[in-house]
Amino acid sequence: MLRILGLVSLFCILFQAALASNSEENALDMSLVEDECSMMVCRAGRECKVGADGEAACACLATCPDHFVPVCGSNNQSYDNFCLMHRDACLTGVHISLKKKGYCSNKSIKKKSSKKDKLKDENHFEPVVCFQWERDALRRQIINYFRHHTADQSWYRPDLKSYEKQFARFFMCDTTKDNFVDANELAACVTEVPFALRTTAATNELVKVLCVDAIIDSADTNSDWRLDFEEYKTLMDSSFQPKEKLCSLEGKKYEDGSQTKVDCNDCVCACGSWVCSSKKCDEELNEIDDLDEDEDLDDELDEAEDQSEDNTKDEVKILKIEEDIDLKIDDPDEDQPPKINSDDDDDMDDEEDEEDDEEEDEEIDVEPIKKSSKNKKKKLT
């Protein structure tokens, strides 16, 4: 018996010594890591990590704190804080700087303006939507609320593990007890979670319900519009990043928050889908549309008339040019440039006049000679 007790005590001593040595080695490893990273300076969005080879290097941050200070990056992307912006720059390898504090403004798709776009604002109603940044903000608020209010629940025990706490919360939200949590059940489970970002009190609850639908869709891997426990765990993981969705229109992709108009209704891209207001176009708008069409038709007719007039003028010009060419061919001397008088030209003219006079005199003298010869012939006969 004494031998057994001695062996047990010896085993305990050896076990404690092994634990002590392991703790010392771990402490030594931690000190080495701290020593390696103490001289390493990493840029924003990165942290120092020691690799398997024992060398320290800067790596992208795995997680960011939950504080809410929204910013707009130079890539026109909204972030909840600076850390997320710098982390995104590290992961994508693209330099992103601060464009402004607060979320980025929505982009609008430019359309040709018409008279109906100049109506009073009261004739247009903006659609109520949940944007992706609102979806992500509500999800973080739900995670923080569940984390800080777990101890208030009747099922809470201090010895519960994280996995058990999540399952207890999932079971509490699953009111139908079918092992699934749909959008209605999750919305009822988060009624006490505060949510008020950009909307008024009149639309805040509706936007919250829409954001709950978007949250369910972000973690719903099999597209059945409900979450099983594994999908629920993924959703409640603070490191989970929902995918950014784009809207399609006429073969092009548009970011979340882009706006356009269809007839008299406003449409907004929200969480990958176009959401439009359901306003019926009144008679005034229809009349304006008819006027716009008539004006467009009149403009087309005016353009056609102007074009025909221009063509007629061109034809007249061509005919005149052809007539001028014909005249030049018939009378080539008509369009010769006038001679410039000079002293030399005057002398030449005088000489030509003298030669003409001499020729005339010779002609005059020849005639009497001919006459006299005739007279002589008569006398001889």
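Cβ atoms are placed via backbone N, Cα and C, with glycine included.
Feature list (source: TrEMBL):
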type     : residues : note
COMPBIAS : 290-309  : compositional bias 'Acidic residues'
COMPBIAS : 310-330  : compositional bias 'Basic and acidic residues'
COMPBIAS : 343-366  : compositional bias 'Acidic residues'
COMPBIAS : 371-381  : compositional bias 'Basic residues'
DOMAIN   : 52-106   : domain 'Kazal-like'
DOMAIN   : 207-242  : domain 'EF-hand'
REGION   : 290-381  : region 'Disordered'
SIGNAL   : 1-20     : signal peptide
Six or more residues beyond either end and a Cβ under 8 Å away: which residues meet both conditions relative to the domain 'EF-hand' (207-242)? 62-63, 66, 128-130, 132, 134-136, 138-140, 142-143, 146, 166-167, 170, 179-183, 186-187, 190, 195, 199, 271
Determine how many residues of the domain 'EF-hand' (207-242) DSSP places in helix, in strand and in coil. 20 helix, 2 strand, 14 coil
Mean pLDDT across the domain 'EF-hand' (207-242), rounded to an integer, is what? 90
What counts of helix, strand and coil residues does DSSP assign across the domain 'Kazal-like' (52-106)? 11 helix, 14 strand, 30 coil
